[in-house]
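Participant: Have a look at this one.
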Amino acid sequence: DVLDPERLIQCPLVKHHRIRARRFPYHLVKCKESNPEIAKKLATCPFNARHLVPQADLSNHIMKCNDKAFMEQDVVSRSCEPPQEQLNNGSTWQAPPCDEDWETELLEGSESTFVW
């Protein structure tokens, strides 16, 4: 099951590392720090940061990435939403003017002192 947090995933940096899905993002960070030479050769997928692929294969991965569909759906659903100004229903509310002037009050000095 893809959604099972206990399933084991193979690390893209060190092939003999097998990590539980729920710990995988944390492992990637640590493993990149421990293996900087290997990490330099890998590129991160723009659709899912858990996908590390050889830099030469990145464009091929992007074309086939399953998470690309989720991103495209999100973009399409957002483009179908009405613009923000339509959501305001033509409200013309404005904040009332502020009569406070903290700089002047500071220069004039306050008669009352604040006690905690």
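Glycine is no exception: its Cβ is also placed from the backbone N, Cα and C atoms.
Unlike curated records, TrEMBL annotations are generated automatically.
As listed in TrEMBL for this protein:
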DOMAIN    8-35  domain 'CHHC U11-48K-type'
DOMAIN    42-69  domain 'CHHC U11-48K-type'
Participant: Per DSSP, how many helix, strand and coil residues does the domain 'CHHC U11-48K-type' (8-35) have?
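Facilitator: Final tally across the stretch: 14 helix, 6 strand, 8 coil.
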Participant: What mean pLDDT does the predicted model reach across the domain 'CHHC U11-48K-type' (8-35)?
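Facilitator: So the average pLDDT across the domain 'CHHC U11-48K-type' (8-35) works out to 94.
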Participant: Which numbers of helix, strand and coil residues does DSSP report for the domain 'CHHC U11-48K-type' (42-69)?
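Facilitator: Per DSSP, the residues of the domain 'CHHC U11-48K-type' (42-69) fall into 13 helix, 6 strand, 9 coil.
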